[in-house]
Structures are given as C-alpha cells and as structure tokens.
Amino acid sequence: MEGWRGAWYVPCLASLETLQELCRKENLTCKSIGITNRSLKSYEVEYLCDYKVEEGKAYYLVKWKGWPESSNTWEPRKHLNCPLLIQNFLRDQNEYLSRGREGKAMKVRNHVKTLKPAIADYIVKKAKQRIALQRWKEELNRKKNHRAMILVENTVDLEGPPLDFYYINEYKPAPGINVLNGITTGCECADCPAEKCCPKEAGFILAYNKRKKLKIQPGLPIYECNSYCRCGPDCPTRIVQKGTPYSLCIFRTNNGRGWGVKTLQKIKTNSFVMEYVGEVITSEEAERRGQLYDNQGNTYLFDLDYDSDEFTVDAARYGNVSHFVNHSCDPNLQVFNVFIDNLDLRLPRIALFSTRTIKAGEELTFDYQMKGSLDLTSDSAEGLSPSKKRIRTVCKCGAVCCRGYLN
C-alpha cells in the first residue's frame, strides 16, 4: 500500500480481488493493483468481458478498473465511451473465430443473442494479457538506462510476461566476483583518439571509424574510454557504454521459438545494437546450472572465454533485452569482447554488433556458437559458447544454412 515503508517484503497470498475489496473498504490507494484516488471515486472501464443482445439492445459485460470481477455489470452500448476497448473486444472475438474453434459466433435462445462461453473466456484472457504486457512494457522502460524505447507484442498466443525474469542494465556479479577491477587512470586526450588513447595504450587499434561504426575484425577486442578519462560523453570511443540507441520490440514468435526481438528502426552495418548481460558466475556453477537448463531446453549461459574459461554470464533470470534474442545459423549480429571500466581479461563485456544492414521490423539474431573469433567451424560440444550443452537442442531458425541443432 502507498505510504508504507518496510525493510523487507514477502509474497502476498491474497488474490487481486481480495486486495481491491480491502482497499475500497479502508479507502486506501495502491497503484500496482489499480486502486487510485480516481478509481476510488469513479468508474472506468478496464476491459469488456462478454456481449449479448436483449430486446434489440446490445449490452457489454464490463470489468471496472480497480474493482473486483464480482462487481462486473452489464451496460448498454450507448453508455460506453471506450471505442478502443470495443475495438479490442471485436478483434479478439474475430481472432478466436478465425482459428475455427467454435464455428458460429452467436447462438440464439429465447430471442437473446449471447457469445459462446469459450469465446467470452478467450476475450477475457486476451484482455488480461494485454494489460499484463502493457504493465511489463512500462516496467522495462522504467528500468532501462538508455533513451531508446522497448515495446512488447504478442499476437500469437496467450503467453504473458515471464514470471521469473528481472531486467538489469549491467552485469550482476555473484559473491566474490569483481566486475569493476583494474582501472585507476584514464587517457588525457583532449580530442580522442590520440597517441596515448585507451585502445592504443592497451596495444590495439581504435575499434570505431569516424561514423562510429565498427572497423575491426571479429576476435579482436574493443577498448573504450572509461570513467577516469579526460574526454567527455561525445568521445568517439564511447559507444557500448551508452546502451542501445535503437527502439526494440520483444515479440512472440509464431514458429515455436518463444519470445524474440525485432528492431523498430533501420540498423546500418557494423553498428552497436545491444549488450549481453546477466549474472556473472563461475564456470563450475555454470556447469551445475547447465544441467538444469539442458533438461528445460534453455540456452542462456554465455562463456566469458576471451582469455580464460573461469567465468560465465547467465541471463536466465537476470538480463536485458538480449535475454530474448533468438539463435540463427545465419545471424545478423556478431559477438565482440569489450573492455571499459574493467581491464581483467577474464571478464569482458559482451557486445552485439550488426553484420549487415537490418531493416525496421526485422528480427535480431546471433549465432549461439559464436565465440567472437574467426573460427566458427568447430563441432566440439566442449567449445560451444554461449553454453556448454550436453543435450542437443533442435534448431528452428529456418536459415538455408541451418546446422539442424543449436549446439
């Protein structure tokens, strides 16, 4: 409830209806369950549940925002000023019927037209899903640390937001692992890149050209200016650290690959798209978790094997948009190792860059066997990155050159 400040929280076992009724009884507000000052004093349509025609008049069953379902009422069409919700209702009804589940949309009994219960049930589930996905989208955009928007879309099934996924913007290290280590000074350049800029100090060339596009080959590391450097935020070496510049959409795929990610903007070749972030764990812990993920058919473990094989990134529960990026044997993203505020070669940041021009609306993919090197021909399961898998997972990427398996 608003106004309460506790030191810790426990899961609430009460239903949403019970909490809403308690709020109204005690005149309390709680935005997370739809009880606001406005909804305490007025009625607002949250979604439409059912439809009928009586004596020539059309009625909709209304779920009122902030009120439990036990308070639903039938309201005549002329009393409702919610054209978008009516549009959603009709679209969901037509979507259900187009799948050929129930045949005719209406049935007639005693001169009263009503929807079949299965259709009404589907419409309610879609309405609840739409609300849940909207709330998830708002949550993702609150937590992200970049300007570009994150959208969410599911026109395929009734799947809602993942229940055990937490959005983070940077690595979440396990106890005892330090992901900010090794930087005590930065470059003194007034205009990067200069003779002693960060990449050259590390013994490598600058990774980006004047258009801020990648110019190095896969397998070479990227060094960016860090928080100790004299240069400002417009420095041409500061690319990955600014976060994704493109608006992206997490969407439900229609071929059994679960969620995917598509770009809402055109992406030019060799452009930075996103980082792969998650929990940083030891390789021993990754082996333990990998056995569980194998049985579930999941692939979220990304080995940080640029210099050694001590650590792994696990994006199963904690991650960013990259958590939802699917595999392809013919990907449009390539993996690169990046060093910014940490020079520990065992702990690079993982960045995904475009390998070609990507059109707006196109799905983003990367090869789960990519190791950021030029040699991607190994068939050894022991060398796979992002995950060392023991059970072969069938690939559904649909590429002409598909290898048949993710590993």
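One is the number of the first residue shown, and numbering goes on along the chain from there.
Including glycine, each Cβ sits where the backbone N, Cα and C put it.
TrEMBL annotations: computationally assigned, not manually curated.
Per TrEMBL, the features are:
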{"type": "BINDING", "residues": "Cys187, Cys189, Cys192, Cys197", "note": "Zn(2+) 1 binding site"}
{"type": "BINDING", "residues": "Cys187, Cys198, Cys225, Cys229", "note": "Zn(2+) 2 binding site"}
{"type": "BINDING", "residues": "Cys192, Cys225, Cys231, Cys235", "note": "Zn(2+) 3 binding site"}
{"type": "BINDING", "residues": "Arg257, Gly258, Trp259, Asn326, His327, Tyr368, Lys396", "note": "S-adenosyl-L-methionine binding site"}
{"type": "BINDING", "residues": "Cys329, Cys395, Cys397, Cys402", "note": "Zn(2+) 4 binding site"}
{"type": "DOMAIN", "residues": "43-101", "note": "domain 'Chromo'"}
{"type": "DOMAIN", "residues": "185-243", "note": "domain 'Pre-SET'"}
{"type": "DOMAIN", "residues": "246-369", "note": "domain 'SET'"}
Neighbouring binding-site residues, C-alpha within 10 angstroms of Cys395 (Zn(2+) 4 binding site) - of Cys192, Cys229, Arg257, His327: Arg257, His327
Position of peak Cβ density within 10 Å, selected from the binding-site residues Arg257, His327, Lys396: His327
Just give the helix, strand and coil counts over the domain 'Chromo' (43-101), going by DSSP. 22 helix, 22 strand, 15 coil
Any idea what the Cα distance is from Cys189 (Zn(2+) 1 binding site) over to Cys231 (Zn(2+) 3 binding site), rounded to a whole Å? 6
So which binding-site residues are near His327 (S-adenosyl-L-methionine binding site), with CA atoms within 10 Å, out of Cys198, Cys235, Cys397? Cys397
Within 10 Å of Tyr368 (S-adenosyl-L-methionine binding site) (Cα to Cα), which of the binding-site residues Cys187, Cys192, Cys198, Cys329, Cys402 do you find? Cys329
Given the binding-site residues Cys192, Cys197, Cys198, Cys329, find the one whose Cα is closest in space to the Cα of Arg257 (S-adenosyl-L-methionine binding site). Cys329
